[in-house]
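Just below is one structure, and these are the notes that go with it.
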Amino acid sequence: MRVQKLTAAKLLLIVFFLFAVFFPLSRMFACMAGTDVLSVVRSGRFLSAVRNSLSASLAATCISVVLGIVLAFCTERINGKGRHVWTFLFLIPMLIPSISTGMGLVILLGRNGILTNLLRLPHPIYGFGGIVAGSVLYSFPVAYIMTADIIRYEDSRPYEAADILGTPKAKQFTALFVPYIRKPLISVVFTVFTLIVTDYGVPLMIGGRCITLPVMMYEDVIGLLDFGKGSVIGAVLLVPAVIAFILDTINRDKASSSFGIRPFKRIDNPIAKTVAFALCALTGAVIVLPAASFLLISIVQKYPIAMQPTFDNFKRAFSMNTGTYLANSLLISSFVSLLGSLSACILSYLTVRTRSKISKPLHLCAILTLAIPGLVLGLSYVLFFKGSFLYGTFAILIMVNMIHFFSSPYLMMYNTLGKLNPNLEIIGSTMDIPRTKIIVDVILPQAKSTVAEMAMYFFVNSMMTISAVSFLATTANQPLSLMIPSFESQMLFECAGVVSLCILAVNLLIKALVIRYKKIVAQRDAA
């Protein structure tokens, strides 16, 4: 009977994914049937957008990944001071919408930018260079986190043996480090590339005449209501995401952690520590500057005309329903965090702790959302759910965000549950202890920190996303993040800065609470 209930639960979840992912995507592809696909893909505007997207994404990916490796080495291998501070600063772009990053660069380096006027720069940052710069700032935290995780878990014993044998450092790098990092680096490259090539926030704000595919899709759907053309572009944007998903899945399946590792002894060389500090400080300053620019324009009357300090911008922003949209975002993010974490916990338990023939397809459904860009998911939801009772409600925004961000929290819990004793349920069954009691009293207490990380991931990303919700939001349920392009189009940069600060403040508060909670859990476990 218990097995039948578990099987029924798995089948129910598969049906949910059919309606939440596969049917909407099928509807988007069906929408292409009435569109002249060849005329779309052969048009000069489309080909130019493809060139711009690929070239800007490739350039930004190379810079982000190289920078991520260098700074991950600085924080993970060198015994410098303030490592946790640098890591915190590096992750700030993950707490604000990508469009805010682009806006920060406009404030700093636009035609009347702070640094443009201060340094008398001859050319503003709009165009291809601006897209690359903004994309690097936006994607660098992801590259840094992934490469730091790779470097952190490298075994030091082969290097110790190489030192004993007198192998030169350059040879150790090519013979040991490069082979070790090569396969996981493929996943990093494709993840970062996909993140950049499917983003429309940065190029929309700072691209100027340099149009990319996501911006073209956004303009065609929002401005022209051309869903057929938008579906064609959406299908094209799925290609790099699907490739990244396949490569990441292959690398994850081949990864092995069956042996213990010996961590590296941190480098204490004064020169290395000085260089690492300089690199981290410079990068941290560059990352913080856009956020600092929000604060500056928020507290002056009108940049650059009237620089007198004032809090009128906060009053003006909140008089234009910013408070209402902030409440909307908090409501959406809270429900996404709660329902998403609960769903990810249940699903990961069913796929890890109750093996059956349905577990593998269910696991595939759970991680497949990694391959769907937010814009594509949002458009597919518009086409599939339009006219239904869900359309135009908070429920559809909660569902699209939950699906959009589901894979990463699911994999967090999947990996955590996979490390626990696989015989817990069997032991409980022999002692006539209900499965639910094993879960509540034994399994969940060991996964508290992971649950907190999952909840934070859902909440923070739901607060700042602009992609999946762009096509679905109405004036009644609009989240706060969509006020940024709205204010920007009205040239109300000061109000857009206030909105960005609100999102950053909320996400910083949530992150601080989770860090504090994890410290308390660690102290209790150590006691």
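Note that the numbers count up from 1, one per residue, in the order the chain is shown.
Cβ from N, Cα, C; glycine included.
No curator has checked TrEMBL annotations; they are predicted automatically.
Look at TrEMBL and you will find 50-248 (among others) tagged as domain 'ABC transmembrane type-1'.
Per TrEMBL, domain 'ABC transmembrane type-1' is recorded for 326-514 (among others).
The transmembrane segment annotation in TrEMBL covers 54-74 (among others). With a threshold of 8 Å between CB atoms, the same-chain residues lying at least 6 positions outside the transmembrane segment (54-74) that come near it are 80, 86, 90, 128, 131-132, 135-136, 139-140, 142-144, 146-148, 150-151, 181, 185, 188-189, 192-193, 196-197, 203, 210, 212, 275-276, 279-280, 283.
Residues annotated as transmembrane segment in TrEMBL: 86-110 (among others).
Through the fold, the transmembrane segment (125-147) approaches residues 52, 55-57, 59-61, 63-65, 67-69, 71-72, 90-94, 98, 101-102, 105-106, 109-111, 113, 181, 184-185, 187-188, 191-192, 195-196, 199, 201-203, 205-210, 212, 283, 286-287, 290 of its own chain, all at least 6 residues removed from its boundaries and within a Cβ separation under 8 Å. Summarising the annotation, TrEMBL assigns transmembrane segment to 125-147 (among others).
Among the features that TrEMBL reports, transmembrane segment is placed at 185-207 (among others).
Residues or ranges marked as transmembrane segment by TrEMBL: 227-250 (among others).
Residues annotated as transmembrane segment in TrEMBL: 271-300 (among others). Sequence-remote contacts of a segment are chain residues at least 6 beyond its ends whose Cβ falls under 8 Å from one of its Cβ atoms, and for the transmembrane segment (271-300) they are 67, 70-71, 74-75, 78-82, 85-86, 89-90, 92-93, 96, 100-101, 103-105, 107-108, 114, 137, 140, 306-311, 313-314, 493-494, 497-498, 500-501, 504.
Residues or ranges marked as transmembrane segment in TrEMBL: 325-350 (among others).
Residues 10, 13-14, 17, 21, 24-25, 27-28, 31, 194, 198, 200, 214, 217-218, 221, 227, 230-231, 234-235, 237-238, 241-242, 244-245, 248-249, 344, 347-348, 350-351, 396, 399-400, 403-404, 406-408, 410-411, 414, 465, 467-472 of the same chain lie 6+ residues outside the transmembrane segment (362-383) yet bring a C-beta within less than 8 angstroms of a C-beta in it. Sequence annotations record features per position, and here TrEMBL assigns transmembrane segment to 362-383 (among others).
Per TrEMBL, the feature transmembrane segment maps to 389-411 (among others).
Annotation comment: TrEMBL describes 455-476 (among others) as transmembrane segment.
What TrEMBL lists as transmembrane segment is 496-514 (among others).
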Relative to the transmembrane segment (496-514), which of 86-110, 185-207, 227-250, 325-350, 455-476 accounts for the most Cβ pairs at distances under 8 Å?
86-110
Looking at 86-110, 185-207, 227-250, 389-411, 455-476, which one has the highest count of Cβ pairs under 8 angstroms to the transmembrane segment (325-350)?
389-411
Interface check, the transmembrane segment (455-476) with the transmembrane segment (227-250), three or more C-beta pairs under 8 A:
no
Which sequence-distant residues neighbour the transmembrane segment (86-110)? Criterion: at least 6 residues beyond either end, Cβ under 8 Å.
71, 74-75, 116, 121, 124-126, 130, 133-134, 137-138, 140-142, 144-145, 148, 199, 201-206, 280-281, 283-284, 287-291, 293-294, 296-297, 303, 460, 464-466, 481, 484-485, 488, 493, 496-497, 500, 503-504, 507-508, 511
Which residues of the same chain, at least 6 past either end of the transmembrane segment (227-250), have a Cβ under 8 Å from a Cβ in it?
28-29, 31-32, 34-35, 37, 40-41, 46, 50, 186-187, 190-191, 193-194, 197-198, 213-214, 216-217, 220-221, 367-368, 370-373, 375-376, 379-380, 382-383
